[in-house]
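Quick look at what TrEMBL annotates:
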ACT_SITE  His189  active site, proton donor
BINDING   His193, His232, Asp233, Asp341  Zn(2+) 1 binding site
BINDING   Asp233  Zn(2+) 2 binding site
DOMAIN    117-432  domain 'PDEase'
REGION    1-20  region 'Disordered'
Amino acid sequence: MGASCAGSSETPEALNTKNLTNVATGDMKPMNGSNSHVDLPEAIDLLEAAAGRMPKGDTMLKMQSACKLMRSIMRDDQPNPPAADQLAVLHNLPEALISSAPPALKASRPVGPELDVAVQLPPPLADDLARRVREWDFNLHEIDARELPELCFGTLLNHAEFHQLDINKKRLWRFVQEIASRYRSNPFHSFRHAVDVTICCGCLVRMIQATYKEVLADPQVVVALLVGAMFHDTDHPGVMNGFLIATRHPLALLYNNQSVLENHHCSTALSLLERPELNFLVNLPDVNQQEIKRHMIACVLATDVTTHMKFLKEFKTRLETDGAPNLKPDLVMQLVIKSADISNPTRLLKVYQPWIDGVMAEFFGQGDVERALGLPISMNCDRQTVAVAKCQVGFISFLVKPLFDGFGEYLPALKEKALANLEANLAHFKAQ
């Protein structure tokens, strides 16, 4: 779930059932020890403003409809309490926002051998593009959003491991398209971010394989890592785990407040993989399929930033005791995806800056909704007080730099580009 550090003016997409019902009935109580009180008209104004900054689409329309309904409920000329069907609209809004995609297990087409015959694979990546995606400073922002699924698919197939295993390429292509459709139009946590992380993982895999030939020699590990990178933020709502926990969202309850979104991303993607027409692992023995899925789950759960410090400590210990060539593939796989997920500051500033803009937009949007709900505003999410440059300095200093410094000890090739860019970007934001 990597991010740069701040917020969103565009995606307040997950709202708590109880809080929305309280807003609708005028019972807007401060939560979590907050002393601030937000009255109903102000709350509606804030929610409408947040909705207005969202990308156009179903989510924005649902937010606006909810605000309109709340205004109608509070009108002086409507003395009767809100009807049950009116409250039901508000009650169901949070779940609708985070699960607006169709059920994952419902097959959308008939399944059979003829289905694979009918699938038209995209052409291989052009030589120039295939070369560019191997470069550390590849600028994905230059690629049109409509081209991202083909770019992602081509990137996967440019790794030999997808040919060493008996991967069903037509079902893989269909899976890529389905996963792409499950990403929302968030300013940061979008399919573009997923493709960026996938490409970065590919770069890191090649560097490691060139240095330590045996560490990532198992094609199952590499396939799991790269596909897991592609779906690691599937159906991300544009808010953080802490928000879902604070608002007692159904997903937080489902996953016991533990790695809520990461579990949701895994569950969504692996449920899709159960659909026969999307199961690109179908030709592999069941034991191999389960092993690949196990690796995928480990990769995605590793992107929970709350596990960052514990992982870094374990990695350094293993590096000292086992030696670089002897690190376990599972540990290296998690190191790769954790690093790729927060790698934006290790790119040239012109590549890094659009990611900053996106993540700040998301975090600020969360802060807007927290303010409207009377919740304490999460760190780096208050558009009225957060300084972007200071935020980036903190993000780089406390999260990115320690991880990449440790990675650089293991993989000296990172120092030439990634660590050099990181130091330059840190100096840039410190100077502001």
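From the backbone N, Cα and C atoms, a Cβ is placed for every residue, glycine too.
Averaged over the domain 'PDEase' (117-432), the predicted model reaches a pLDDT of 97. Counting other Cβ atoms within 10 Å of each Cβ, the recorded positions His189, His193, His232 show the lowest value at His193. Distance from the CA of the residue listed as 'active site, proton donor' to the CA of Asp233 (Zn(2+) 1 binding site) is 7 Å. It is 10 Å from the Cα atom of the residue listed as 'active site, proton donor' to that of His232 (Zn(2+) 1 binding site).
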